[in-house]
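What follows is a single structure, written as structure tokens, with notes after it.
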Amino acid sequence: MAALNTLWTGLALLGMLAVLQIPTQAQAALQPNFQEDKFLGLWFTSGLASNSSWFLEKKKALSMCKSVVAPAADGGLNLTSTFLRKDQCETRTLLLRPAGPPGCYSYTSPHWSSNHEVSVVETDYEAYALLYTQSFRGPGQDFCMATLYSRTQAPKAEIKEKFATFAKAQGFTEDGIVFLPQTDKCMEENT
């Protein structure tokens, strides 16, 4: 009986080790010497990448949105995004809380009530920023997205190429990468 218990214990430990060795998507690096004050201001969401089923289903209906990053009273950042939804401008604000080294933040999704971690992976502060967002909701429900922020509604071709290369390096497929079409709606300064 003791030998049987030892065998089951050994098999259980091997199973746990196998689970621990399953490769996971690599954590994206952070922008070296991230300067939060330079990251503030107006950005346009110009590109997105994800392999999630809802994204692949809805990507053709998405359009560019405007986001403003501003300091929050508690030391985090307010990310206020205005976008077109059902032919109406909709605005949402997320509180990005510092979650580690500079450039790493977390927020709670108002739609899913899940925690997300967003990292500023690369930025020149003046033209573009590459962000990586991930959430762990449970087995088979993990969510990952790459985002291209640009300071203008028409990012240069080399910035789009940089984003596509970044997205593919994160494991996203060509089908999961979209450059959002410009829209005149919801882009004015007062919306």
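Including glycine, each Cβ sits where the backbone N, Cα and C put it.
Remember, TrEMBL labels are computer predictions, not curated facts.
What TrEMBL records for this protein:
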{"type": "DOMAIN", "residues": "41-184", "note": "domain 'Lipocalin/cytosolic fatty-acid binding'"}
{"type": "SIGNAL", "residues": "1-28", "note": "signal peptide"}
{"type": "TRANSMEM", "residues": "38-56", "note": "transmembrane segment"}
Helix, strand and coil residues within the domain 'Lipocalin/cytosolic fatty-acid binding' (41-184) as assigned by DSSP: 25 helix, 69 strand, 50 coil
For the domain 'Lipocalin/cytosolic fatty-acid binding' (41-184), the mean pLDDT of the predicted model: 90
